[in-house]
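A.B. asks: Dropping the structure in here first, questions after.
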Amino acid sequence: MADKGPFLTSCIIFYLFIGGAIFQILEERNWISARDTYIQKKEDLLRKYTCLTKENLNEILEVASQAAGQGVAITGEKHRNSWDWSNSVIFAATIVTTIGYGNVAPKTESGKVFCILYGLCGIPLCLVWLSTLGSFFGDRAKRLSQVLLRKGVTVKKVQFTLTALFLLWGLLVHLVIPPFVFMAVEEWSYLEGMYFSFITLTTVGFGDYVTGVNPNIDYPKLYR
């Protein structure tokens, strides 16, 4: 096992470098375009509103940036409370599952301290629960395999059938079907819905797409 260490380390480093290069090729041009558009629109606003100075505009943007950093919607007139009980429960779930979308985070000192303590206890508890859940499904798979074997199905066919069933179930329930729900409720594209599902399931949780936070949508109570 120790002999594989340097090789695996080299593989990871190589994989990261290749991934970084591809992401740079795919995304850097879009970022440059967004930056140039932002600068151009700032200049357009200054020309349109002659009474507004560059310093005034930067001050307004700073206020908006600080509000957004606190989880306050900076467009429209509706302001969703990110820290009511239901949203706080959802935030707690993102801690123990290690998803951590990043769109909501504690800002107070006491909130940060509690987040650390809560995660220290909650993450192991969630891992134990997931392990128990895995054992539950494993037992059901074992019972199903025994039933199939008693009916004369070969071991290889049983293994293939069970693997196919679990993969099909996982893909349908967690990746294929949910995007249709997000298309209907969030008005996302199918790709955006699948992207969100994948980022959530893998607990990467970038936070660029989050459900139930659009202030212009009236969500069903149990949706989130």
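Cβ atoms are placed via backbone N, Cα and C, with glycine included.
Automatic, uncurated: that is what TrEMBL annotation is.
Okay, so TrEMBL annotates it like this:
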DOMAIN    78-137  domain 'Potassium channel'
DOMAIN    172-211  domain 'Potassium channel'
TRANSMEM  6-26  transmembrane segment
TRANSMEM  85-104  transmembrane segment
TRANSMEM  116-137  transmembrane segment
TRANSMEM  158-182  transmembrane segment
TRANSMEM  194-214  transmembrane segment
A.B. asks: Which residues of the chain, 6 or more past the ends of the transmembrane segment (194-214), have a CB below 8 A from one of its CBs?
C.D. replies: 80, 90, 94, 97-103, 174-176, 178-179, 182, 185-186, 188, 223-224
A.B. asks: Need one number: mean pLDDT over the domain 'Potassium channel' (78-137).
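C.D. replies: Summing pLDDT over the domain 'Potassium channel' (78-137) and dividing by its length gives 90.
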